[in-house]
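Annotated features in Swiss-Prot:
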ACT_SITE  Cys158  active site
ACT_SITE  His297  active site
ACT_SITE  Asn318  active site
BINDING   Cys158  leupeptin binding site
DISULFID  Cys155-Cys197  disulfide bond
DISULFID  Cys189-Cys230  disulfide bond
DISULFID  Cys291-Cys343  disulfide bond
CARBOHYD  Asn130  N-linked glycosylation site
SIGNAL    1-28  signal peptide
Amino acid sequence: MGLLSKKLLVASMVAAVLAVAAVELCSAIPMEDKDLESEEALWDLYERWQSAHRVRRHHAEKHRRFGTFKSNAHFIHSHNKRGDHPYRLHLNRFGDMDQAEFRATFVGDLRRDTPSKPPSVPGFMYAALNVSDLPPSVDWRQKGAVTGVKDQGKCGSCWAFSTVVSVEGINAIRTGSLVSLSEQELIDCDTADNDGCQGGLMDNAFEYIKNNGGLITEAAYPYRAARGTCNVARAAQNSPVVVHIDGHQDVPANSEEDLARAVANQPVSVAVEASGKAFMFYSEGVFTGECGTELDHGVAVVGYGVAEDGKAYWTVKNSWGPSWGEQGYIRVEKDSGASGGLCGIAMEASYPVKTYSKPKPTPRRALGARESL
């Protein structure tokens, strides 16, 4: 296993089992033809959905949203009944949201008007790897390099979650220590080029981490789903660990082969178009669209593989909680032939670079005895 210990692997497997159990407590609402046959049946379905997802709507709001719920329920049921795609949808917690609300709340938060920071580490370190020599499948979860699925809530902070997945991953690979890191530090403190819940870019976040002495743990600086005052110095006093990186590199744009080269070696941050209804209500299987390339959501690729039907896929970690998709993940079709990859997954990929396990801490972090990773 190299630097990643068997203890880390067991811990990650236990966490995955617990996550699945938690998801089952909020299972998908089954739908049959009879559930959509009448207004009365649809109202009953809506009430069951609200109960299952612990959603409370006032009378007027409930009636206003019912029309959207009906439309979404028909869309999901029709897709699943046709069975002409290798993936299924379900009536998840977004069930009574229209796409405009969903986009404003959970996606559409990458700052396309702000240029990303150029890579501080030049080149593409995996360029010389022969694609034919790469393993046929990779899953960094099984190697103990991925923490549990998190939930960004109603905050446009996907960029921070995407960044953190990649940094947690390379840190675990280099040090053998899987540490959950703080998205909240990025939201509160990385404000020069990123904008908290209003959006940001992963490349800029990597450079913040490099230039500001690393990233603190989630335990010391927990997530609040809202932007607040940067208090990393105070939080650092209670944190035994801070994780450093050397910078970042970009994967050559629009190349799924180069993305595979990188993912074979570490988790990679990517941007996708995630605002479509099919992505919104994804449940299981290999996602084959529909989606475009208007990049609006930051996620992370933590592996790749081939499904039983022979369809290749990317394993993507999302930040919408473990009740979405396949316990918080989506398998996106790999090598689809689409320019930039399906949903634009290969258009703007990047990853943190970490060559040493314990670099010298910067003075900003010198606030008592702490371990530097």
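Indices start at 1 and increase along the chain as displayed.
Here the Cβ of each residue, glycine as well, is placed from N, Cα and C on the backbone.
Feature map: annotations from Swiss-Prot on the structure.
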residue: Asn130; record: N-linked glycosylation site; DSSP class: coil
residue: Cys155; record: disulfide bond; DSSP class: coil
residue: Cys189; record: disulfide bond; DSSP class: helix
residue: Cys197; record: disulfide bond; DSSP class: helix
residue: Cys230; record: disulfide bond; DSSP class: coil
residue: Cys291; record: disulfide bond; DSSP class: coil
residue: His297; record: active site; DSSP class: strand
residue: Asn318; record: active site; DSSP class: coil
residue: Cys343; record: disulfide bond; DSSP class: helix
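Taking a C-beta cut-off of under 8 Å and a sequence gap of six or more, Cys189 (disulfide bond) has these contacts in its own chain: Tyr208, Asn212, Cys230, Val232. For Cys343 (disulfide bond), other Cβ atoms within 10 Å of its Cβ number 32.
If you compare Cα positions, Cys343 (disulfide bond) sits closest to His297 out of the recorded positions Asn130, His297, Asn318. The distance from the Cα of His297 (active site) to the Cα of Cys197 (disulfide bond) comes to 13 Å. Put simply, of the recorded positions Asn130, Cys158, Cys291, Asn318, the one whose Cα is nearest the Cα of Cys197 (disulfide bond) is Cys158. The recorded positions Cys158, Cys230, Cys291 differ in how many other CB atoms lie within 10 Å of their CB, and the one with the most is Cys158. Under a cutoff of 8 A between CB atoms, and with a sequence separation of 6+ in the same chain, the neighbours of Asn318 (active site) are Val149, Val299, Trp324, Gly325, Gly328, Tyr329, Ile330. With the fewest other C-beta atoms within 10 Å around its C-beta, Cys197 stands out among the recorded positions Cys155, Cys197, His297. Comparing Cα positions, Cys291 (disulfide bond) lies closest to Cys158 out of the recorded positions Asn130, Cys155, Cys158.
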